[in-house]
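Annotated in TrEMBL:
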- 1-235: region 'Disordered' (REGION)
- 10-31: compositional bias 'Pro residues' (COMPBIAS)
- 46-59: compositional bias 'Pro residues' (COMPBIAS)
- 105-117: compositional bias 'Pro residues' (COMPBIAS)
- 154-169: compositional bias 'Low complexity' (COMPBIAS)
- 334-372: domain 'Zinc finger Sec23/Sec24-type' (DOMAIN)
- 409-645: domain 'Sec23/Sec24 trunk' (DOMAIN)
- 651-734: domain 'Sec23/Sec24 beta-sandwich' (DOMAIN)
- 746-849: domain 'Sec23/Sec24 helical' (DOMAIN)
- 877-946: domain 'Gelsolin-like' (DOMAIN)
Amino acid sequence: MNTENRNFPARPPPPPFSSSPFASAPPPGVVPPQSGGPEAVGFRPPARPFTPSGPPMAPPAGVMRPAGQPPLVSQLPGSRPPPPSFPSTAYGPPGGGGGSFQRFPTPPPSGVPPPPQTLAGHLSPPMSFRPQQPMASVTMGPPPPSMTSGIPGGFASPSGPGFQQSMPGGPQPSYPGYPSNQVLQGPPKPFQTPSQGPPSAVSSYPPQTGGFAQHPGQQNMHPSYAPPPTSNVQGLVEDFNSLSLSNIPGSLEPGLDHTSFPRPLDGDVEPSSFAEAYPMNCHSRYLRLTTNAIPNSQSLASRWHLPLGAVVCPLAEAPEGEEVPLIDFGSSGIIRCRRCRTYVNPYVTFTDSGRKWRCNICSMLNDVPGEYFSHLDATGRRMDLDQRLELTKGSVEIIAPTEYMVRPPMPPIYFFLIDVSFSATKSGMLEVATQTIKSCLDNLPGYPRTQIGFITYDSTLHFYNMKSSLSQPQMMVVSDLDDIFVPLPDDLLVNLSESRNVVEAFLDSLPLMFQNNVNVESAFGPALKAAYMVMNQLGGKLLIFQNSLPSLGVGRLKLRGDDPRVYGTDKEYTLRVAEDTFYKQMAADCTKFQIGINVYAFSDKYTDIASLGTLAKYTGGQVYYYPGFQSSIHGDKLRHELARDLTRETAWESVMRIRCGKGIRFSSYHGNFMLRSTDLLALPAVDCDKAYAMQLTLEETLLTTQTVYFQVALLYTASCGERRIRVHTAVAPVVTDLGEMYRQADTGSIVSVYSRLAIEKTLSSKLDDARNVIQQKIVKALREYRNLNAVQHRLGSRLIYPESLKFLPLYGLAIGKSTPLQGGPADASLDERCAAGFTMMALPVKKLLKLLYPSLFRVDEWLLKPLADLDDLKDVVRRLPLAAESLDSRGLYIYDDGFRLVLWFGRMLSPDIAKNLLGADFAAELSRVTLQEQENGMSKKLMRLIKKVRENDPSYHPMCFLVRQGEQPREGFLLLRHLIEDQMGGSTSYVDWVLQLHRQIQQNA
């Protein structure tokens, strides 16, 4: 340095392996102050030598390393550190600048107290420094167990010169060369020796070890927790989380504590700070960006490595009281930008005394219609702002005038295409379906305009005339499958309110008409063409109930099955795509005429869901799969899911477009829809259970705006007959810092995009390739993040990740273990894989995350509480890690992934509990037992709990399975294979997965 304050000689530099540059080792017999803080993390050099909220702050010592001194490396427990060296030469920061840096001259002789230190130009209270006692000798061997508490991975701080002892509950060690993660509380306290006794009673300084006092709020926190930065010290602390992944000395075993690994036990946690910063944005249930910070350049976007895009659920269900407001612009007409067609929203600005408004997306200046005019106040806000919800709410629903209609709004139409072959009647599917349809007739949307129709089929087609003038329906049979024609085309679709009696008589008689049917053939293709011919004038929703492989006429399919020899080859993916182009062509035709298709598949044999599901995929529908359907077992599930499908509010004849600001565009879309043009999604029928993912691309090399706006517009026909436009608007800042993109990342949205990309990858590649793609994307993202922080921090053997992405590695593992991507042919049937893939492509974020990392919670202790009530449901549903070690053989557990509930009875569970819940069957094999409410309080409490869990998410009805510990293969199939943190069937455990990611990250870091 060129300057030196010779009146204030500084302390000598710390030893090379000091756990904290400001900390001195405690003398023998002195216990450090009790403090259970988190793992210490390092500081970056301060931007200025003091903070306004505290006393002068000394810079981190030991930052510079003398030439020839060995670099700082992580010290392993049980090894002896090298002796400290004290160079006689003083070192300063590079460049020789002055400022707050200090020279480090030779330490004063022992016994001579140095004068007090201050930063140049600042006053400091007088202090006294006493000589330090020599350190105790170092013992070899592993540390005692008590020394490893509170540190990720179970590592203890090595003892010896220059190391701060890690006592139980005491200050946690930091990584070499870094000060502890502490907030400056006050001036340093005089160092004490054992002979000094306690500090003076008049001292106002908090007790501490090292240069900074520990913030009381940092005690007893999760080892990987990184506290939020406070005041101006935030530039110094590490703003990332980390896991230490070193090996135990002399062993290849990782010395880490897997219980400290991050797990989403609280479900989907959305970034809240962003919503608070932009309160006029639409709610995240409608639109979620993968990161709430948009890169300002293509080069910055290329370093992001994670998907840049959004997940949209335009009709998501809003809680009571938060419904989307309905807007009618009346005679002024809908206010839109003349150039980019953006709808008026909270982010437009009004100028020229309220006579013009500027579009927030394209900056076009538009005229304000006279009927919409309002004066502006002194701040430029409209005087009528409080009455204009479209200018204050991020989500609105606008009533569209006639110019938004190609034709008059169609009535809600439900058309049923039902398999009545032998297997359909024998399984009870036909009876359950007809009873459910009948029970829902009063609740179908759109009364009294709703229309309904039916076709049944086996080896022939059966049409039904249900004209209101008839007392009984007329059945017409068409056996010519090659030349399909529709008899009485005008009487096959009838108004439900007018023909209600005929429809109910038909539904009552249909199971009886075919109860003795022994026909096993399925003319599904011709039946589908016939339904299309009936519906193509009006459109509507087509519900298909298919019980066997299509075997006759056009669209017949052959038994492809699960050929193990194909897996692992380049032809593997062909099993997962439609075999016959007939189905994709039919889906395209149906979309063109506003026909949405939902497929209900029931067979216990191969039915080629890959082909049948194509109908739902390209018409905006979904696939419901009930393998081996039996009405006694699966009846309730079918009743609830079919009833929800029929009665939930549906948007008909829909198209959706998402607009964004200048310089960016949406380049790819993922989900169940048909892309009509480059950015227009055709959705014949949309509901609250459908979500769509899309990816962004920067068109310009450099964005010049400070913010980017997004607007989702869904034009649809409501069941009441109104044409409406649902508009969701949001804004996100443009940033130049990659670190800010990571801090604003949304794991839920990223995982939703990744899962869709992985499922699409299985349709053109091997399963291994799809899994590897996800792994490589995560590795690249975390490697880039590591490189971003490696300059300022010494990372050693730590895996670092931002707080916002702490669950990403686990969700990446879960995607690879999900039904569409897991293992090989023995892990899931081909139909099961494809059905799960079609389902996951349409799931909203929260539902998908629950499917990937389900809930596991213990209930036997709660059931034994005498006055337990469901008001404390959150206390009951205390989620546990998905690992076998979470299961106690004395307990009763519930596994819930949103589609299935598994009750796991431990082998040593109290017989009294099992008897109360199962009655006389408590000792029988649980595969033959159905859970029913018993006449006792414990059973009633459990049934109320299951009902409450189901009501929390009514989109699907989870079936309840019972399994006892040790019942194989049932236990493995229902539960153990879904404990994704364990290693099962050749799959990777969570610990191995993290180590694998870490190794790959370090290869090119």
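Every residue number used here counts from 1 along the chain in the order it is shown.
Using the three backbone atoms N, Cα and C, a Cβ is placed for every residue, glycine included.
Annotations in TrEMBL come from automatic prediction, not curation.
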Winner by Cβ pairs under 8 Å against the domain 'Sec23/Sec24 beta-sandwich' (651-734), considering only 334-372, 409-645, 746-849: 409-645
DSSP residue counts for the domain 'Zinc finger Sec23/Sec24-type' (334-372), split into helix, strand and coil: 6 helix, 11 strand, 22 coil
Counts of helix, strand and coil residues, the domain 'Gelsolin-like' (877-946), according to DSSP: 27 helix, 11 strand, 32 coil
DSSP residue counts for the domain 'Sec23/Sec24 helical' (746-849), split into helix, strand and coil: 68 helix, 4 strand, 32 coil
